[in-house]
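Inspection log for the structure reproduced underneath, given as structure tokens.
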Number of protein chains: 2
Amino acid sequence: MPIGEFDLIAQYFAGLTPDRDDIRLGIGDDAAVVSVPPGQELVIAVDTLVAGVHFPAGTDPRAIGHKALAVNLSDLAAMGAEPAWALLALTLPEADEAWLAAFAAGFGRLARDSEIALIGGDTTRGPLSVTVTVHGRVPEGQALTRSGARPGDAIYISGGLGAAAAALASSDSPADSEARQACRARLDYPEPRLALGQALCGLASAAIDISDGLLADLGHLCRSSSAGAEIDVDAVPRHPALTQLVTGDDVAWYDWPLAGGDDYELCFTVSGEKEPKINMLTETLGIALTRIGRITAGEGLVLQHADGGGYQAHGKGYQHFAPQS
Amino acid sequence: MPIGEFDLIAQYFAGLTPDRDDIRLGIGDDAAVVSVPPGQELVIAVDTLVAGVHFPAGTDPRAIGHKALAVNLSDLAAMGAEPAWALLALTLPEADEAWLAAFAAGFGRLARDSEIALIGGDTTRGPLSVTVTVHGRVPEGQALTRSGARPGDAIYISGGLGAAAAALASSDSPADSEARQACRARLDYPEPRLALGQALCGLASAAIDISDGLLADLGHLCRSSSAGAEIDVDAVPRHPALTQLVTGDDVAWYDWPLAGGDDYELCFTVSGEKEPKINMLTETLGIALTRIGRITAGEGLVLQHADGGGYQAHGKGYQHFAPQS
């Protein structure tokens, strides 16, 4: 099978991603043609996963297919966008049919769950790498951004953090316990918070997805908002699987949730008068939403323990969140 | 400089690509936000260039930047679309500032000329590869496709073919003559036929850009249109630089223009009553548009000499255009 003929590769995806009424022309021409309804804006993101960098060589191709789409959908979630269309640029050392079928299955399952259609792509021969471009829609002017946080806004986190970092730290060992398997699943099959992102439009003042680690990403949000933040490091929600592996005496208890990355939860800010609505969201969406601190008028992040004591940082991600010079 | 922070990489592109009124949010958030005017549809394409596959290692990074955008713009041209926005996913073995500056200069110059804005991207560490996603606009229902050719339609080619193939065939040798330098420029700095593509909306019945070679790409067009084609192999326009390097006695006189690829000219079909308008286009756009044959009700491509004799194919691309089983 020649590589480079995306219409052939696309056969592996046939029927795996949804049809949509807004697609005038899908895979098989020089480009796809789509329509955007009046009153809607388009949200566009691209992310690349490289073998040996973003996933270990030998990772289940189903997981690679899932994650390549998931990390992009997570960007749409952080903008409050509803997924619409994806394009896939796949670079493969060889055309391995079993690999492609498993990759397509992982990609396709998440695509169906997210109602995002594959409308085009490219296939090239080379070192394994996957670039996905995603398109979503938001009502005009309603996209969530990183730049809207104001001093006094509360900072929230969805779900629990640190499990993917735990899996990364032990990726050479077998997942020999239920907790380790749960951590591995978080690393391989992140679930983008799409419903939450859309629900936060009009509620959150700013949002970002946690891909590089909470502190790094909250640092981005603060810089974009020209603000600082105070964080209660004990309030940061740990993923249940993490709490089975490490305790508060372990440096990883702080490092992995704060700096580990690969969580793909949302970090968002909310002004005081809108906080009651956040509590309602927890119920309607069934997602834990935990307040971990507040935006300040300062620069950079101040980390404290619940008892008010300062927190000493150890983890790898910490150089990211120093105030920018 | 860390790789992975696209806002840092984006500094190399600052001011190099145009601002546009339809961009609500550009580089620096989780995703870009753009708007599409009512009555317009969106045309989207993605293409990857891999070092050692699509360009020789050691290629001038300025040429890589140009070509990575150009091959994508050529897809927009083939759809008749007007360029709007691009995203860049760049995988680099190391952050080499001189390389990045030259790459950005090549990308940026073509972006300005094409009025396409860079609105987002991703940067990862790994083997050199460049994936660009482009977005263009067409009036609703007006996009050119591969599937509209009808028996009797004339087949046209823009410009001249074969020069990039000549450069590829001698890419190990120095470009020691003006003709060889011109061929090399065609390979490294292809010029997407954007104005022509837009002018062909409402005129051409089908169109495709010539990236894999005329016969391969015309084969795609014919299959999409459920038709065949008769080609006069002597009428196929040769690039002027090619005519200085080879003569009609040389197998390359036929092979390079017919099967060489990397030309990024447009191949399009026109019904009889619209052919006079094509001649006018040649004048208004200053681009040679040459009739090379006609669409037939058959299957596959029939190649003939001007004197009516059958043509025996030699070239590498010929397996592509056999009728699909």
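A Cβ is built for glycine as well, from the same backbone N, Cα and C atoms used for every other residue.
Please treat TrEMBL annotations as automatic predictions, because they have not gone through curation.
Keep in mind that this is a model prediction, so the values were computed, not measured.
B:Asp30 (Mg(2+) 3 binding site) falls within neither a helix nor a strand when secondary structure is assigned with DSSP, and so counts as coil. What TrEMBL records for B:Asp30, B:Asp75, B:Asp209 is Mg(2+) 3 binding site.
Counting every protein chain shown, the Cβ of B:Asp75 (Mg(2+) 3 binding site) has 28 other Cβ atoms within 10 Å. If you look up TrEMBL, you'll see B:Asp30, B:Asp75 marked as Mg(2+) 4 binding site.
For B:Asp47, B:Asp75, the entry in TrEMBL reads Mg(2+) 2 binding site.
The Mg(2+) 1 binding site annotation in TrEMBL covers B:Asp47, B:Asp122. If you take the C-beta of B:Asp47 (Mg(2+) 2 binding site) and look for same-chain residues 6 or more apart in sequence within under 8 angstroms, you find B:Ala68, B:Val71, B:Asn72, B:Asp75, B:Thr131, B:Val132.
What TrEMBL records for B:His54, B:Asp262, B:Tyr318 is substrate binding site. According to DSSP, B:His54 (substrate binding site) is assigned to coil rather than to any helix or strand.
As annotated by TrEMBL, ATP binding site applies to B:Gly121, B:Asp122, B:Arg146, B:Ser211. A sphere of 10 angstroms centred on the C-beta of B:Asp122 (Mg(2+) 1 binding site) encloses 26 other C-beta atoms.
Feature annotation from TrEMBL assigns Mg(2+) 5 binding site to B:Asp212. For B:Asp212 (Mg(2+) 5 binding site), the Cβ neighbour count at a 10 Å cut-off comes to 20, with all displayed protein chains included.
Per TrEMBL, the feature domain 'PurM-like N-terminal' maps to B:28-138. Computed over the domain 'PurM-like N-terminal' (B:28-138), the whole-number mean pLDDT of the model equals 95.
Taken from TrEMBL, the feature domain 'PurM-like C-terminal' applies to B:150-304.
Proximity to chain A, defined as a CB-CB distance below 8 A, holds for B:Asp75 out of the binding-site residues B:Asp75, B:Ser211, B:Asp262. Near B:Ser211 (ATP binding site), with the C-alpha within 10 Å of its C-alpha, lie none of the binding-site residues B:Asp30, B:His54, B:Asp122.
Summary: among the binding-site residues (B:His54, B:Arg146), the fewest other C-beta atoms within 10 A of the C-beta are counted at B:His54. Considering only the binding-site residues B:Asp30, B:His54, B:Arg146, B:Asp212, B:Asp262, B:Asp122 (Mg(2+) 1 binding site) has B:Asp30 as its nearest partner by CA-CA distance. Counting only same-chain residues six or more apart in sequence, the Cβ atoms lying under 8 angstroms from the Cβ of B:Gly121 (ATP binding site) belong to B:Phe6, B:Ile9, B:Ala10, B:Ile27, B:Leu87, B:Leu88, B:Ala89, B:Leu90. The Cβ of B:Asp262 (substrate binding site) has 22 neighbouring Cβ atoms from other residues within 10 Å, across all protein chains displayed. DSSP classifies B:Gly121 (ATP binding site) as strand under the three-state reduction. With respect to their backbone Cα atoms, B:Arg146 (ATP binding site) and B:His54 (substrate binding site) stand 24 Å from each other. B:Asp212 (Mg(2+) 5 binding site) and B:Asp262 (substrate binding site) have their C-alpha atoms 6 Å apart, to the nearest angstrom.
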